[in-house]
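Heads up, the thing below is written out as structure tokens.
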């Protein structure tokens, strides 16, 4: 099965914005090449996770090997590497592009070029891939292929004279795509005689076989009984099996330069087989690893707490298992006076955070409270030390620190120009600094802003979508840290600090946020037998407060008429009891209150 000359191998991926039809096109390619029998076919075939199907997005990377007989009569082997399209998973995209020589750029013929498409196209151009433009959904009444071709030429600078029109839904133009892959994507370089090097572009955890690694052999060959060495983690393993994805796994004896396959070697955790790492042979190692390996760094942090304290061990176990298959997830234990025991987790972005939370609740049946997302701040201390802080509650007191720096991103928003004003307003509300505005076509515009990441990770994306009726798309990347006048805003409930509600905000916004927080809490916390003060403070200064008035029993109900001193005595006794209650009483804040306030926080 694997004795294919290198000249007949093609490795390619599909680049597309969310909802432009990437997974559907992958389905059609699998069907057209008879890789998957019609009876086994289901929509989004390569998206195995239930969550992926439901949200209609690709989260984990997949690969499939197809055989195709071209018009020249030769049989070619095409390796399709399916990539995620969302900004959070751009590191997954970058490494899968490294395993390819070509890419299909799929653009919705009714919507045009979107932000995510562009971000991934630039990654593909950096990797010197041959890009084939494909206009999808040409069967839709609103499609305008000629206009979109001009857009691709003006924005990306690609020649679209040979762009392929197709409809992944009906199967129109799919054969043209397969033929174009054979004719236009270059074959891998013939490096069979060199020392073995293979690039890991994905891995997942199998409870029975350990970690299954997806890799692309870039030089030399790997056989089923070799001993391998992972160059970044310096760990060696004996192979249990190697094989190809067609798209179900099939064992083979050997894979040589240019081929894509999987291996199992009783590897315990995904973190041992890092994506982007280089595999080589233990007895004849390559001199250098493949370039471009970087570790994915978490950008967004939040606390995860079980609603029921008894579920803490279950949450720990669930996170351990999830981390086996998601090397980008980081976590460490944390405690909070209000929430008990939980974990501080780091994610690549908001979608990643949502997906991890949803998988924990679904696959492990946990009930979770999630604190407001925060980013990593750099705190410069008076003694010259620089601290990196991801939990607002641990920010040092003002008298010990010199300044706080926060991460900034360069944000590009693509939208119809009718929504210019509302988008600029949104960016200014979020402390954005205007950089540039470019007209892509007569009716579409690109806005470029630099803004704090903390303002983006909350609900910026939702706001942008709702203000533009879903037409805008965005892409951002980190550009470094900048000093700002930031303060820690604490919330006190009955004089006790509620850690999960602590946030770091800009001084100009502190009063507005503090006022909104205490007002919201007043609505949500049930009244008690004693008065509860709610306060928002910066350091020792209270900037906003509210009171929840006490429930009061009518102690004078039995005194019809009678002496005033008797009534006074009863009222004083009640006041004394309430005073004692207030000093000893503990306010139970309901879960819904935390959830609602965290939404407001964001």
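Glycine too: its Cβ is placed from the backbone N, Cα and C atoms.
Record features, source Swiss-Prot:
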{"type": "DOMAIN", "residues": "7-189", "note": "domain 'tr-type G'"}
{"type": "BINDING", "residues": "19, 20, 21, 22, 23, 24, 136, 137, 138, 139", "note": "GTP binding site"}
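The most crowded of the binding-site residues listed here (21, 23, 136) is 136, judged by how many other CB atoms sit within 10 Å of its own CB. For residue 138 (GTP binding site), the same-chain residues 6+ apart in sequence whose C-beta sits under 8 angstroms from its C-beta are 109, 145, 165, 166, 167, 172, 173. Taking the domain 'tr-type G' (7-189) as a whole, pLDDT averages 75 in the prediction.
According to DSSP, residue 138 (GTP binding site) sits in a coil region rather than a helix or strand.
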